[in-house]
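In what follows, a structure is listed as structure tokens, so that the remarks can point back to it.
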Amino acid sequence: MASLWLLSCFSLVGAAFGCGVPAIHPVLSGLSRIVNGEDAVPGSWPWQVSLQDKTGFHFCGGSLISEDWVVTAAHCGVRTSDVVVAGEFDQGSDEENIQVLKIAKVFKNPKFSILTVNNDITLLKLATPARFSQTVSAVCLPSADDDFPAGTLCATTGWGKTKYNANKTPDKLQQAALPLLSNAECKKSWGRRITDVMICAGASGVSSCMGDSGGPLVCQKDGAWTLVGIVSWGSDTCSTSSPGVYARVTKLIPWVQKILAAN
């Protein structure tokens, strides 16, 4: 195996900040030059969170799905000693009104395999709820039968490396627009590693990279941004001609709903 970089909206979200509709609109310059991404508009991806260890090191992304819950990748290995940082754009700034949220419980999908990277999803129950605002709100979850066809133009965001050999990750949240691929097309690059609980995007001059893991791949549905993928793995050089691989959220929704209902 190549050295892989392991990279229904709830009514409780409240009418003021409905899911998937940022108060500050994102501006995506189509298939822009996160490798070959661009700075996001500050606050325009309000569900994007940074997962940080106790030293403040950003190691993965995640997405708010309600005031109490964050979804990320299982391979991120989140612990309750880590924190969720919401409302952040520039990790080099002390001026932002960020929320540093403790994690009460980590629910890793029991079917996750580090060998196949199947079922790469973890849910984080926050110890104290996020306070929704202009820059902090939830992404919509798809239903299990939602269809997001190949060719759909979607967006991914994160503080991951902008070059695979970069010494550090960018301070400012990066974004890129990229098309979904069919699994058949994706298998041309990745072969049998691609399973039905994965979805591919990119190979279009942009790529997710190390540090983006756990973050969102979102597509618009009925005018609201919906979580279609969770950044999972891809080329060890973050090649922009190889598709990035994401956990396919529609296939994982039954497990998500079960955990949310029981907790």
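Backbone N, Cα and C define each Cβ position, glycine as well.
As written in Swiss-Prot, here are the features:
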SIGNAL    1-18  signal peptide
DISULFID  Cys19-Cys140  disulfide bond
DOMAIN    34-261  domain 'Peptidase S1'
DISULFID  Cys60-Cys76  disulfide bond
ACT_SITE  His75  active site, charge relay system
MOD_RES   Ser93  phosphoserine
ACT_SITE  Asp120  active site, charge relay system
DISULFID  Cys154-Cys219  disulfide bond
DISULFID  Cys186-Cys200  disulfide bond
DISULFID  Cys209-Cys238  disulfide bond
ACT_SITE  Ser213  active site, charge relay system
Neighbourhood of Ser93 (phosphoserine), C-beta criterion under 8 angstroms, separation at least six: Asp171
Listed recorded positions among Cys19, Cys60, His75, Cys76, Cys154, Cys186 whose Cα sits within 10 Å of Ser213 (active site, charge relay system): Cys60, His75, Cys76
Separation of alpha carbons, Cys200 (disulfide bond) and Cys19 (disulfide bond) (Å): 24
Number of Cβ atoms other than its own within 10 Å, given for Cys209 (disulfide bond): 31
Cys219 (disulfide bond) versus Cys238 (disulfide bond) - Cα distance in angstrom: 22
CB contacts for Cys76 (disulfide bond) [other CB atoms within 10 A, all chains]: 26
Distance from Asp120 (active site, charge relay system) back to Cys76 (disulfide bond), taken between C-alpha atoms, in Å: 9
